[in-house]
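Everything below concerns the one structure shown next.
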Amino acid sequence: MFPKKDLTGYSCDVPLIQPVFAVVVIQSETETSGMLALHPFRWLARIKNGGLVNQFFMALMVTIPVLNFGMLMGWQSPMTPLLQDPGGPAPEPISDETISWMASITFFPPIFCGCLVGDLADRWGRKTTTLLTSLMLVISWVITLFSLRPWALITSRAVAGLACAGCYVVTPLYLKEIASDNVRGALGSLFILSQNLGYLVVYVAGDVMSFGAVMWLCTAVPVLHIFAFLAMPETPVFLVKQGKFKEARAALAWLRNTSVEDKKLEEAVQQLEREEEVAKSMTKASWKSIVQDKTTFKAFRISLNVMLSQETCGYLVVLMYAGSIFEQASESISLKLSPNKQTIVVGVIQLLGSIVASCIVEKTGRKWLLAGTSLATGLSMLALGAWFYVTSLAVWLPGWLPVLAMCLCIFADAAGYQPVPYVITSELFSFQHRGMVTSFVSSVDALSDFLQTKAYDPLLKLLGIHWVFIMFSMVCFLGTFYTVLYVPETKDRSIEQIYAVLEDSRKKEKRKDAEVGKQTSRL
């Protein structure tokens, strides 16, 4: 290859220059094409060597009950018109009161059995409790298969409430304990993604399949899951807790796609063993230990607040009112969709948001993704409330505005406001407290959902839909401010690092209080 001055500083014939550039170009093209050809294989090899394929496969298996629970919750939307049709599959048309109880009773059992499910997960294991969750879903669907009378429909939903507790308590624990640190958030966000996929599946099935076919499809999913999940491993964390170190090492080796003799694997198992020894030397995890330890109690308050903000943001109301928004929008724009098509649109938006959450949660971090999506949800709620208020005054506004606000609300909620609090809650506690806190928070969330679904109509009649949306937007804004001020970033941090941040912020708060006290005393 010639020096640069030989090509620019001295005169030379063109035939001499052309071969030089030809060699350079050919060589660079060959190297580039080789790099491009090898890049996908290197990428796949990196995923395989890191065990990400096995971890994602395990996560998908763990979240199948959540997918089926999403199908169960979404089933009511396309099937209610059929159940209330005099010529439908039900022996008698189902009343609005029965439909209301079907929607709300699902969240009633988790209020009381959430803590019980958490205790079962700590005693019997995450795997056994997940299998019991699928079994409850099978029983729920079978009841509906045999009878569509009001008592059977309500009983079916009550049994599904037991599965609801299993999904919302055990699944986040399972995902946290099988995931490597670098994919912990992505796997944790699969929880809401699976639920939203379940919604979409049953929406589409209800539009293209018969009533009976949809019922058998929904029943087949948990039945097949029970048989398939028997081959799945228990979490290494729980196996170490039970003193089954050999089984824990084998499970971790499979999840990381490495050999049992791997040095990094041995270090990971030893770390779990040390944590278990520390746990045994400590007093048994209890609510008293959570309250007495100031840092742990602060983590508990943060977990409870972010989950309550998520559950009381009015997302359920938006979903309930989606049909009315589409209907009013069709009056001013050419948007005429059947009820089933409307629910499919909503399901697609939910799923897209969940996919975005899974893709970006490891890049953006938990804190700012939660803050950004809660702010976007609040703004869209405020826009919906303002639109309904202004139009109630006989002022014309374009019909695409509420549709756009509704789509933004659903997307932002699925992209962060729904999944991230579950990820944060699972990361804020060690496995000694994780089951207790998750089960308690899930019970509180279930109580919130039950009250919202039952109080929706009275609240609507008392305040009007515009004030309902404005009120929920305020909840979202409060959640945003709380996240920015108090929620720590948990991405790529161990429990010790997270608690060090919480302890440091608690000391800063004490110093501020002391300074304020001194200033007050001087005054």
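Keep in mind that glycine also has a Cβ here, set from the backbone N, Cα and C atoms.
Keep in mind that TrEMBL annotations are predicted by a computer and have not been checked by a curator.
According to TrEMBL, the protein has these features:
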COILED    255-285  coiled coil
DOMAIN    54-491  domain 'Major facilitator superfamily (MFS) profile'
TRANSMEM  56-78  transmembrane segment
TRANSMEM  98-117  transmembrane segment
TRANSMEM  129-148  transmembrane segment
TRANSMEM  154-175  transmembrane segment
TRANSMEM  187-205  transmembrane segment
TRANSMEM  211-232  transmembrane segment
TRANSMEM  302-323  transmembrane segment
TRANSMEM  343-361  transmembrane segment
TRANSMEM  368-390  transmembrane segment
TRANSMEM  465-487  transmembrane segment
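Beyond its flanks by at least six residues, the transmembrane segment (465-487) meets 302, 305-306, 309-310, 312-314, 317, 321, 366-367, 370-371, 374-375, 377-379, 381-382, 384-386, 388-389, 392, 417, 424, 459, 505 of its own chain at Cβ-Cβ distances under 8 Å.
Under 8 Å from some Cβ of the transmembrane segment (98-117) lie the Cβ atoms of residues 72-73, 76, 80, 83-84, 129, 150, 153-154, 157-158, 160-162, 164-166, 168-170, 436, 439-440, 442-443, 445-447, 449-450, 453-454, 457, all in the same chain and six or more residues away from its ends. This prediction places the mean pLDDT of the coiled coil (255-285) at 71.
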